[in-house]
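Enquirer: The ATP binding site feature in TrEMBL is assigned to Gly78, Ala79, Ser80, Thr81, Gln82. Among the features that TrEMBL reports, transmembrane segment is placed at 439-460. Here TrEMBL flags 535-608 as region 'Disordered'. Under the heading compositional bias 'Gly residues', TrEMBL lists 561-575. Per TrEMBL, the feature compositional bias 'Polar residues' maps to 578-589.
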Amino acid sequence: MRLLPPEKQAAVLQHACSFLVTHSHFGIEGPSDAGPCGASVRIITGEEEGLFGWIAVNYLMDGFLTSRTTYGFLDMGGASTQIAFEPQAVRVDDDMALIDVRLRLLDGEEIHHNVFVTTWLGYGTNQARERYVGKAVTAHETARPEGGDDVVHDPCLPVDLELSEHPVHLGPASEHAKKTHRLVGTGSFEQCMKETAPLLNKLAPCPDAPCLMNGVHVPEIDFSVSHFIGVSEYWYSSEHVFGLGGAYDFVQYERAASKFCARPWAGILAEHEATRAQHHVLAGDGEVEKDGQVVAVGNWSDNVEISRLEMQCFKAAWIANVLHEGIGMPRIIDAGGNNTTDGEKVAAQAESKGLGRPTFQSVDTVDDMAISWTLGKMVLEASKEVPMRGKNARPLVDPLDEPDNKDSPIKPIRPPFFDFRGIEDRLAPHLPQALTRSALGFSPVMVLFFAVLICVVLLLSYPLQRRLRGVCLRALRRDRRGLVEEGRGASVFPRPSPRSAFASFWRAGSQGGAAGSSPTAVAFAPPLTRSYSTPVFGSTTASSRSPSPAPPFMDMDDADGGNGHGNGNGNGFGHGLSSRSRNTSQKNLSVMVPRSRVPSLTGDEHHY
């Protein structure tokens, strides 16, 4: 995770947080500056990994119970390597950045340890191998004659082992150097030690001596006093193939590594197949244990185990270089130690745990409990739950969250989540003091964000205005067809649509209504039909829209309450209804000319 770009780190943490919140019952913290799930889902730094591992080792080795020297911790993975130890006070500079680690014992007693911890990202076995291949290919391309092949002789592979490697170059390289090359093993452990030593970058500037790899300044280590335990790759590369896990002896280690590297790859493969057939596996990470007993072996794929054998020579050389050239551990340690130290007491404690003399030893488990940084984190969390002895005691927190460690160069990893406060923190140095959160009392970034959001919504909705208006109008016109058609009888008074109701109300209000009518009580008449009559000669032509006859099954008296004059106009309809006539004149029907027969030129008679 620490090798990923910050954007990908944030994406992974966001998905992990969402999954745990929706699919688990864990107590997950809410969003905070640490991330979407607070400190529950985050990326730990390499220094935190080293500190938690140091806590785990000393918890299992009872290093916290007495005042004797605690154990140092070494961890190496595929990407990074860490060191954590408690230096002697006389060997610590005033400006040395130590981490104050506070823990609480079961009786409430609080203990303090000042621990030095550092990490080297890119110094794990896999990352070191990538850098080594890039360096080897670059050297081969420099010496390669015109038209030469792409075969690179590799002393860090068993004899005649061939691998196709795609080099990773940290600097400029030719196009041909970037292509895949074929590496052929020559199997020389001594030569591999020489080829991998420059990768430690011991020539980097060292402002304050002493320095370890890559120019990192550390307190001076007295290996007759400080005793280290190595886990992960220190254990795998020593035990799984060489069978030398536990107390470290460089002479035996170098002999076993030299013998293995010089073997032909075909012989290693043959032995591998034979041991698998006999259920005796070369590598120990395929064993299945139950109650401390191995109940099954060989539970892994052939590719995983073979890859371990392919890289064993390189990893053995890299670990030896890190221990002796990088950290500075002497190849031969004075067995007697310093008589003024607690070395013998520590040795006796290690012997009680089933371990050898602890100058350096590779360990996987102690009392059947695996050593890992996760165990150290659990010990710290459990220690927080122990009741405090006094009321003035401070609550326990993670080492990097201690107020005393606020000036430490070790900073937590904070991927760039979409957070107003994070954006504001980056913009604050470039804003006037009057526009900051402290001066305004609110977040100007949040106000600006919502203002921009509103503008974007308005800009997007303006081109759609006509379309939205058309959709709304069509929805209003979508009414039930209430006209009674022949063969379809719904009702005499169909349910009007909202638009029809509004139009009827508007007409009634504009005409003033009939006598005694109320504009708010609107009834609906039967559908109207148009009838046209030819006007009498000499009279004014007028067209009118008259009510259709009432249906044969309905009594017109019922429409107005039985008196036929419910609205005062004698049209036989209820309150508020009037004839929809376009002719507003009141013509007296008694003076109308009666219809008469008029002869035509053809002899036919027509009624007028």
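Just so you know, glycine gets a Cβ as well, placed from its N, Cα and C.
Just so you know, TrEMBL annotations are computer predictions that nobody has curated.
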Enquirer: Sequence gap of 6 or more, Cβ distance under 8 Å: name the residues on the same chain that satisfy this around Gln82 (ATP binding site), in order along the sequence.
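Expert: Spatial neighbours, sequence-distant, of Gln82 (ATP binding site): Gly46, Glu47, Glu49, Gly50, Gly53, Phe73, Leu74, Asp75, Met76, Val117, Thr118, Thr119, Trp120.
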Enquirer: Validating a neighbour-count step here. Other CB atoms within 10 A of the CB of Ser80 (ATP binding site): how many?
Expert: 19
Enquirer: With an 8 Å cut-off on Cβ distance to the Gly78, Ala79, Ser80, Thr81, Gln82 Cβ center, who else from the chain surrounds the ATP site?
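Expert: Here the nearby residues are Gly46, Asp75, Met76, Gly77, Thr119, Trp120, Leu121, Gly122, Tyr123, Gly124, Gln127.
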Enquirer: Going by DSSP, is Gly78 (ATP binding site) part of a helix, a strand, or coil?
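Expert: Once the DSSP labels are grouped into three classes, Gly78 (ATP binding site) ends up as coil.
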Enquirer: Using all protein chains shown, find which of the binding-site residues Gly78, Ala79, Thr81 scores highest when you count other CB atoms within 10 A of its CB.
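Expert: Compared across Gly78, Ala79, Thr81, the most Cβ atoms within 10 Å surround Thr81.
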